[in-house]
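Here is what Swiss-Prot records for this protein:
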TOPO_DOM  1-24  topological domain 'Cytoplasmic'
TRANSMEM  25-45  transmembrane segment
TOPO_DOM  46-64  topological domain 'Extracellular'
TRANSMEM  65-85  transmembrane segment
TRANSMEM  93-113  transmembrane segment
TRANSMEM  123-143  transmembrane segment
TOPO_DOM  144-152  topological domain 'Cytoplasmic'
TOPO_DOM  174-181  topological domain 'Extracellular'
TRANSMEM  182-202  transmembrane segment
TRANSMEM  213-233  transmembrane segment
TOPO_DOM  234-241  topological domain 'Extracellular'
TRANSMEM  242-262  transmembrane segment
TOPO_DOM  263-280  topological domain 'Cytoplasmic'
TRANSMEM  281-301  transmembrane segment
TOPO_DOM  302-313  topological domain 'Extracellular'
TRANSMEM  314-334  transmembrane segment
TOPO_DOM  335-346  topological domain 'Cytoplasmic'
TRANSMEM  347-367  transmembrane segment
TOPO_DOM  368-371  topological domain 'Extracellular'
TRANSMEM  372-392  transmembrane segment
TOPO_DOM  393-422  topological domain 'Cytoplasmic'
TRANSMEM  423-443  transmembrane segment
TOPO_DOM  444-461  topological domain 'Extracellular'
TOPO_DOM  483-503  topological domain 'Cytoplasmic'
Amino acid sequence: MARKPDISAVPVESAACQGPDPRRWWGLVVILAAQLLVVLDGTVVNIALPSVQRDLGMSDTSRQWVITAYTLAFGGLLLLGGRVADAFGRRRIFAVGILGFGLASLLGGAAPDPGTLFLARALQGVFAAALAPAALALINTLFTEPGERGKAFGVYGAVSGGGAAVGLLAGGLLTEYLDWRWCLYVNAPVALLALLGCRLLPRDRRTGRAVRLDLPGTLLGCGGLVAIVYAFAEAESGWGDPLVVRLLVLGVLMLVAFALVERRVQDPLLPPGVVAHRVRGGSFLVVGLPQIGLFGLFLFLTYYLQGILDYSPVLTGVAFLPLGLGIAVGSSLIAARLLPRTRPRTLIVGALLAAAAGMALLTRLEPDTPQVYLTHLLPAQILIGLGIGCMMMPAMHTATARVAPHEAGAAAAVVNSAQQVGGALGVALLNTVSTGATAAYLADHGTSPAATVDGTVHGYTVAIAFAVGVLLLTAVLAWVLIDSRTEAADETGSASVTPARPR
């Protein structure tokens, strides 16, 4: 007998227009402003992190929480955010998300200590998880004509894709010419303008369907992920440390309980059928696992460029542009043309191998490598960017193919959650690998200034080598799980479902 979910509510939907809303394009501007905040804050603090660490006195072990707190809260609550928007109204939750995001940004900018900053970043992630799915749903409501809706989603995708690059540049400019705190303060005026613009969005109206919020599933799923990430962050003291072992066991048990709960509740947060399918489950892994290396790479290269090569924050942001450009070109130009002619598995595996080759090039970094940007960093970023970009489109295609219409939103949300959660796990794990390798190097070679620099770079390269292994493992999983026979069945069985809003 199915157990009753925790909370049910009469859902509130945005009122559909009788004809095209004359203010729809202005409404899209409001939505895009909010989405830019969400995407930009995933990278804007990266460039400022060395300055943040010095100013607030963070340890090398704890610095990763500036990134992880945001991505973990965002990814872990994204599925719930869609349900909350359904229950209480998309425009209302969108406005609450913007307001909360702006206030959390002010709190982070004024943070007097690391703990306050970590809390603010987590709150940013919570409110981002509320407004992001509401934004997608509002675009569906605003644009009823298929042609206009396609254009709107195209612009939305461009902002989502370009926001990361904008964040890197903005982080460099704000840190160098103002202060790292402005990387967070800058969100407040944008959030205020978007909040005032909410009146341009469709009003919410009630419907007769009941929407149930799976709070036990949310608590178990997010709690399990937090425990595992915390264990990774504390593993510098050794994987056999009692605290680390307890956290890992707790995290695994909570995730097992989450899986059991999702099989029993009437309206699960994550429908088991979405992830039980072999190709879809493999695709979610393919989307999430590479983020371990990608997010870690942002962290280590930022410190390498500023701390070892003495790049300014602005120059650091510019130095990252080839990576973002490679992802955009790989996804929108190369993969878009190859996917109709190439099996997704073939394209995914080839792209992952290219990204692994680029990452492997970075394992040869040294403190005094001549012309290191031209000989190592630039070609590596191009390979990684093109590889990740060419991998994402076919992986998203197979992740959402043949999904039941009522589960399409959940499948799309899992794709987004996998990226954020993979990044959170990656930053925590690779930061621990790096600091552990550095500590071991210094124990063997002493702590002279030269040895400290060498040990720091050694830690980066060991962590990057670990990321290479993750990419190769992902390629193997893609080859095994996304098999040609199942792909053929998917392609002939039904058309793929376009990723919908998270539910």
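Backbone N, Cα and C atoms are what each Cβ position is placed from, and that goes for glycine too.
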Folded-back contacts onto the transmembrane segment (314-334), same chain, C-beta under 8 angstroms, at least six residues removed: 47, 161-162, 164-165, 168-173, 176-177, 298, 301-302, 305-306, 351, 373, 377-378, 381-393
Non-local residues, at least 6 beyond the ends, that sit with Cβ under 8 Å of the transmembrane segment (93-113): 31, 34, 37-38, 41, 56, 81, 84-85, 119-121, 123-124, 126-128, 130-132, 134-135, 138, 181-188, 190-192, 194-195, 198, 201
Overall pLDDT of the topological domain 'Cytoplasmic' (483-503), taken as the mean: 44
Stretch among 123-143, 281-301, 372-392 sharing the most Cβ pairs under 8 Å with the transmembrane segment (423-443): 281-301
Other parts of the chain folded back onto the topological domain 'Cytoplasmic' (335-346), taken as Cβ under 8 Å at six or more residues beyond its ends: 389-395, 397-398, 478-479, 482-484, 487
